[in-house]
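Feature annotation from TrEMBL assigns region 'Disordered' to 77-177, 243-262, 285-365. The compositional bias 'Low complexity' annotation in TrEMBL covers 120-132, 318-328. Here TrEMBL flags 133-148 as compositional bias 'Pro residues'. What TrEMBL records for 345-365 is compositional bias 'Polar residues'. As annotated by TrEMBL, domain 'GST N-terminal' applies to 448-527. The domain 'GST C-terminal' annotation in TrEMBL covers 532-668.
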Amino acid sequence: MQQASSPVLQQLRSLHPGAIQTLHQSPDGTLYPHNQVLPELQNLHTSDVYQPQYALSGPQHPPPPSHAHALPVHFEQHALPPSGPYPPFQPAGYQHGASPRFMNAPPPPLQDHAQQYHASPPQTIQRPIQQLPLPPPAPPILSAPQPLPRHVEQAPLPHKQESQEEDTPLSNHGQFQGLKLIPNPPDLEQWRERLFHVDDMITLTEEQFQTYFPHIDNVYSHRSTQRHKRKRFVSHYWDCRLKGRPPGTKKSTDPDKKKRKRIARERDLCDVKIKITEFFDRREYEEQLGRRPPGTENDPPSPIASNMPINPGLGGSQNQNPQFFGQPPLLPQQPAGTWDVPPNMGSQPGMNIQEYPTSSGSSSKKFYTFQRVNGNGGNGKGDGVAGPHKHTLEESDRVKKNSVIRWQAKIDKDDRRKMQGGDSSKKTYHKKATGNALTTVKNHSKEDDLKLYGSAFCPFVQRVWISLEHKQIPYQYIEVDPYKKPQSLLDVNPRGLVPAIRHGPTWSTHESTVIMEYLEDLQTGSHLLPPDAQTRATSRLWSDHVNRNIIPWFYKLLQSQDSNDQVSHAKELRDQIGKLVDAADPNGPFFLGPQISFVDVQIAPWVLRLRRVLGPYRGWPEAEEGSRWKRWIDAIEADRSVKMTTSTDELYLDSYERYAENRPGTSQLADAVNSGRGLP
């Protein structure tokens with residue numbers, strides 16, 4: 001019977017679904033095209049004819065119904081028993097990535113000439129699906145199932161859920177995440193010694209590793225990370241930091257490139273190499289080492305072998321689990337909709353993706369092992385066996401500080417900065433000149449015998465700077481940060497204050513008024529002090545008035561936070577300025593007449609800051625037009641020496657914000673004003 005129906009089977013298997021509507025069956029069983037419509041095929045789905053050939057491995061089909069068809073059937077099978085519908089399909093746990101776009105797609109429309117044949121109402125009588133049987137299956141070829149390779153990307157790493165204090169800071173190392181920065185954990189020194197020497201293999205829990213590794217990460221330097229092809233555990237190799245390594249790039253020969261002053265550390269001072277193996281759960285640890293990790297002796301055994309797949313053909317009857325050509329049986333299927341693809345479509349028939357079971361409890365925790373590996377004969381015998389360190393732990397701490405110490409130092413630095421008014425969200429003093437002053441700095445950057453150490457925001461520096469520009473004395477301007485007190489400044493002024501000058505290889509002096517008189521005594525350039533002795537004495541007297549009365553009240557008004565005090569301080573400052581104006585030459589515009597002199601240079605920096613600093617912060621009013629004071633201000637602002645040493649308004653506004661808010665630790669001058677002492 002099978003040989004007789006072989007042509008029919010071949011023709012049906014190669015038949016296109018759209019051609020079924022034009023076929024008719026002759027009495028002898030052959031098929032030929034026919035133009036009449038087959039009403040019983042109108043509801044026949046293409047998926048009912050093209051059934052998967054491996055579907056025979058499921059449970060036995062129910063017997064066909066005993067009743068006859070309600071309608072005459074023109075398409076009958078000869079010697080081919082009809083097959084019943086499939087049992088309901090159980091969704092698999094894995095779905096191919098390419099299958100979702102076919103799951104709910106509607107069936108493609110039929111051709112236009114075919115749609116007109118379906119004008120009759122659809123049949124509502126349900127009939128069994130006609131299915132073509134295949135030859136009897138060959139004996140199953142039993143093969144041991146091969147476990148699928150594990151990939152780190154597919155297997156989610158177990159996430160440790162534990163309660164920890166919210167204020168515990170975390171640090172992300174280049175290879176490890178979530179390391180804890182705990183300053184003094186229990187038994188810190190014992191753990192550091194143990195992880196430094198690594199005499200035997202050491203196993204740490206995730207909590208221990210995150211706590212103690214940041215305390216010894218300065219000892220080792222990471223070299224490589226290796227991942228297993230089929231396992232999840234990761235091996236990290238570290239060398240002792242004192243082994244050193246050559247620089248990655250060649251030394252630059254560019255003369256304009258800024259180079260750091262570094263001293264190269266000697267290399268090959270130690271040959272110790274360690275391996276840190278990261279296990280993502282307890283089961284993985286036991287598989288590789290064959291023992292339980294420390295602290296889990298009382299826990300239930302880890303299910304190592306329970307996850308292995310069982311070959312269905314090794315036990316029971318072959319009739320219960322038949323396999324076609326050695327392939328495992330498919331899951332039971334349910335009648336699929338039009339053009340619907342089963343969830344396991346896209347993978348090979350019978351391929352069931354094995355998922356790693358998610359363990360709970362201690363088996364989901366990470367474990368880390370430390371061990372010393374073979375190096376370059378560190379034990380001195382040249383046998384390839386890694387010996388101990390050639391130095392002490394204290395030497396490693398000297399070479400580099402660990403992460404916890406560096407974190408603590410950063411916290412302490414931030415705290416000191418906040419106490420000194422150095423909040424990063426607030427403005428601070430400028431460290432470089434701007435505007436015309438920057439041009440002057442560039443013009444006097446070359447080496448010279450006379451050196452001026454100063455800061456662009458400092459008014460006492462501007463006094464000396466104006467004098468040098470007025471006299472046209474050659475000099476070198478060196479910008480320094482007086483708050484950091486570099487050694488070059490301390491060599492000139494042990495107090496670390498600016499301005500300070502060095503004239504010649506050894507001689508130096510400081511204090512702005514002293515420097516101005518020293519420049520006068522050089523008898524170089526235009527004089528600021530008059531030749532008459534009495535007028536010179538008068539100039540020194542009113543210069544002292546500026547230093548004793550005007551400057552202190554300027555800072556008292558600027559630093560005062562109480563509105564009533566600000567009013568009283570502003571009145572006192574105005575009165576002291578009025579005394580100086582009354583003592584000046586009536587015609588002016590400068591103190592002694594038409595030319596700038598010593599007293600003008602003494603007060604000029606604060607005259608500039610009345611409008612640029614006291615105006616924005618304390619509402620200092622502009623001078624009255626036509627007054628003697630207004631003509632004096634305009635003359636100072638227009639002087640060339642003053643303009644060439646003045647920066648932009650923004651520099652002064654930002655640099656004096658600390659004084660306007662009276663931040664603690666602003667400067668020695670601010671502290672002296674707050675305490676009622678004289679200028680430092």
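Glycine too: its Cβ is placed from the backbone N, Cα and C atoms.
Across the domain 'GST N-terminal' (448-527), DSSP assigns 29 helix, 16 strand, 35 coil. When averaged over the domain 'GST N-terminal' (448-527), pLDDT in the model lands at 95. DSSP assignment over the domain 'GST C-terminal' (532-668) gives 96 helix, 0 strand, 41 coil.
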